[in-house]
Amino acid sequence: MSAPTDRSATPAERNEKSKYKRILLKLSGEALIGEHEFGIDPKVLDRMALEIGQLVGIGVQVGIVIGGGNLFRGAALHAAGMERVTGDHMGMLATVMNGLAMRDALERSNIRSRVMSAIPMSGVVEHYDRRTAIRYLTSGDVVIFSAGTGNPFFTTDSAACLRGIEIDANVVLKATKVDGVYDKDPVKHADAAKYERLTYDDVLDQKLGVMDLTAICLVRDHDMPVRVFDMTKPGALLNLVVGGKEGTLVDRG
């Protein structure tokens, strides 16, 4: 892991020491709810746009995958009898809605951005194409990948890992509401211990729930590091990208 960031330096001055040139940021749909119980909190969107804009400002290429849990949760409907594939397709549409909202927030902050969907939605967003996405990233546009993998039975965590591998990102950053991975739920257990670093096999063997099994196996097979961090902490994303110690690193070890 890199040395702690020199906090006396400006982000621009630290850019040469930046650990990551291209990242894939995974945001949960629930993160967009903010203080509400459902939907999208504009204040949260604006704050996220500001933090993402800071990365773009120092030359970091940013891809984003957003979940859809703030708008649609298929588990309850599936339990009530809805077909799983139908529920997954509805969840994919929810991620497109979140992607459009994020694009709007970014563009209001004068940050060029694109939404690409794994399922064709002509006239609404672009259809995902790897080569086109990489061209956008290289030119400085933020690319928001929506509709998951385009297939049912795959989570947005798996989609984030897949897109990160496809676009040759340096790391997948999973934004959560806690500052890393713990041996047990830190909300319920005051003695929960935080891990600074884990291997892929540690996560699988200890069933730590960082991501689903498919996602962890995917990043392990392609040696894609994952860092879990607290997106609600102001400045954490920028500090992490320029080399600061935030959250928990999951890699080959």
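Glycine too: its Cβ is placed from the backbone N, Cα and C atoms.
Take the UMP site that Swiss-Prot assigns to G68, T149, G150, N151, P152, F153, F154, T155, T156: the candidate from D88, D129, D168 listed for it is D88.
Listed in sequence order, the residues G91, M92, G148, S158, A159 complete the 8 Å Cβ shell around the UMP site centroid, once G68, D88, T149, G150, N151, P152, F153, F154, T155, T156 themselves are left out.
Ranking the binding-site residues S28, T149, N151, T176 by how many other Cβ atoms lie within 10 angstroms of each Cβ puts N151 at the bottom. Residue environment of D185 (ATP binding site) contains 10 other Cβ atoms, counted within 10 Å of its Cβ in all protein chains. Of all the binding-site residues listed here (G68, G69), the one with the fewest other CB atoms within 10 A of its own CB is G69.
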